[in-house]
């Protein structure tokens, strides 16, 4: 039996040894330092000589604040808060642990903001847009919904690539999330519920992902990403979308011709085509159920507004556990702010989630949020002709538009152009996610300065964990409910979008922004090769072992993946702290 070949416990050990050997040999010809981080720069852009900001911790406590203020390497490109200045200028040295603790709690809350915004506001509006454009489920699943599910990862990558000093976070987070999802999440699914994998979607997705990883590994080896290379990433994703559409069409055509008798639909008898369709919608959120009003019948404008702004469902509140209630309390301020600023269109409801007073109010507030979050509010405070700032003009125009809409519509029936609110909600939620992602990147960089950690290790641990934990819980829940194939398919489908669009679009925007011909990559540490090798080994292991098991995934396979991730983290930490290093020539 081919499946029994993988049962012995030496498989995880073999993977760990292979990871260490791949790390030592793959980077053996590189003249690099043992402890370092990826440095990115755009060719043709003047760069100011500066000291590494992480040197601040080696200075006297009285000199740290002045060093942070004067050193350009300690300044953030975007964001609303200066975290390094807060640590070294506003907190006394003896309260540094308190500052770090507060930053960690704020980081966790930012991850919560990212998750709530993406799940309850960004994804529903993308779904409404795809419905308005009459896209098929497969096209919507690999485009709009993939963008919605990967929004935190994508925006974190775009923000990180925008600053050469934090671009290592992007590579670390995208590769780190890839290792995490293909080992811990995929392995956890098979441990919770062993199942028969869908062969064609699995082979297709893992092949495309391996090509994407190989392209990124090659770019790191060459030390640059050109404009053509960045466009190639995006073109490869377009080719992936076309492949999914064609494969689905061919399969459905063959099925319609060869179908002789009907097959009863059970959770484990889903076809490959149905698996694709369902996995593309795994993370959609039924926001209408939670915010459904308690009162029925004719309601006044004031009642509609109050109920639309209420993020708490009292019926669910009474049945929730203490931990769920505490989490809900933490989310209430975020949900209220998002309900106030982000319109949501629901094509599945009779009224399409039309809330006349709230939607009219959002015509004023949402554009204001757009100009105040774009580039951290730089454009919002710009004065037009030296008379009025942009935000004031936006408020005036929005108020006029809201007044016309309010008096031209009714509470009971949505207007004919109500679907346009989905685009407004999409833009507003996207900029909220971008603003939160900017703060996440800045906090992680500040923690890296304090603990003298490279951006790469922060990206592959904290940033990757934070952005992937929501998808992990969703996939585990699907597996426990009897849909492991759907959850397993979602593991590989989502990370393809993240790496191709994250790297491609991030580098493309950096090239356009800096007016350079390429983005130069300078991996001066062994850690990035550990990361790339680990991801490649995990994919090769799955590509070989899954077909050998005849696509019948067992708990032993899941345990091998989990042990591999543990070995990977151990090797990463040993490399980061210089225990594993290259010998000097």
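We count from 1, first residue shown onward.
Glycine too: its Cβ is placed from the backbone N, Cα and C atoms.
Feature annotations, reproduced from Swiss-Prot:
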- 1-26: signal peptide (SIGNAL)
- 27-95: topological domain 'Extracellular' (TOPO_DOM)
- 46: N-linked glycosylation site (CARBOHYD)
- 96-116: transmembrane segment (TRANSMEM)
- 117-140: topological domain 'Cytoplasmic' (TOPO_DOM)
- 162-168: topological domain 'Extracellular' (TOPO_DOM)
- 169-189: transmembrane segment (TRANSMEM)
- 190-205: topological domain 'Cytoplasmic' (TOPO_DOM)
- 206-226: transmembrane segment (TRANSMEM)
- 228-247: transmembrane segment (TRANSMEM)
- 248-325: topological domain 'Cytoplasmic' (TOPO_DOM)
- 258: phosphoserine (MOD_RES)
- 326-346: transmembrane segment (TRANSMEM)
- 347-360: topological domain 'Extracellular' (TOPO_DOM)
- 361-381: transmembrane segment (TRANSMEM)
- 384-404: transmembrane segment (TRANSMEM)
- 405-416: topological domain 'Extracellular' (TOPO_DOM)
- 417-437: transmembrane segment (TRANSMEM)
- 438-445: topological domain 'Cytoplasmic' (TOPO_DOM)
- 446-466: transmembrane segment (TRANSMEM)
- 467-491: topological domain 'Extracellular' (TOPO_DOM)
- 492-512: transmembrane segment (TRANSMEM)
- 513-525: topological domain 'Cytoplasmic' (TOPO_DOM)
- 526-546: transmembrane segment (TRANSMEM)
- 547-559: topological domain 'Extracellular' (TOPO_DOM)
- 560-580: transmembrane segment (TRANSMEM)
- 581-585: topological domain 'Cytoplasmic' (TOPO_DOM)
Contact yes or no, the transmembrane segment (169-189) and the transmembrane segment (446-466), 3+ Cβ pairs under 8 Å, gap 6+: yes
Around the Cβ of residue 258 (phosphoserine), the count of other Cβ atoms that are within 10 Å: 7
Whether the transmembrane segment (326-346) meets the transmembrane segment (417-437): three or more C-beta pairs under 8 angstroms: yes
Structural state of the residue listed as 'phosphoserine', classified by DSSP into three states: helix
Feature contact check the transmembrane segment (361-381) with the transmembrane segment (417-437), CB under 8 Å, 3 or more pairs: yes
Of 228-247, 361-381, 384-404, 526-546, whichever stretch has the most CB pairs under 8 A to the transmembrane segment (446-466): 526-546
Close approaches to the transmembrane segment (206-226) from elsewhere in its chain (Cβ under 8 angstroms; 6 or more beyond its ends): 43, 171, 174-175, 178, 232-233, 236, 240, 243, 492, 495-496, 499-500, 503, 507, 517-523, 528-529, 532, 535-536, 539-540, 542-543
Same-chain residue ranges lying at least 6 outside the transmembrane segment (384-404) that approach it to Cβ under 8 Å: 360-361, 363-368, 370-372
Distal contacts, the topological domain 'Extracellular' (347-360) - CB-CB under 8 A, six or more residues away: 127-128, 131-132, 288, 301-302, 304-305, 308-309, 339-340, 402-403, 405-406, 409-415, 418-419, 421
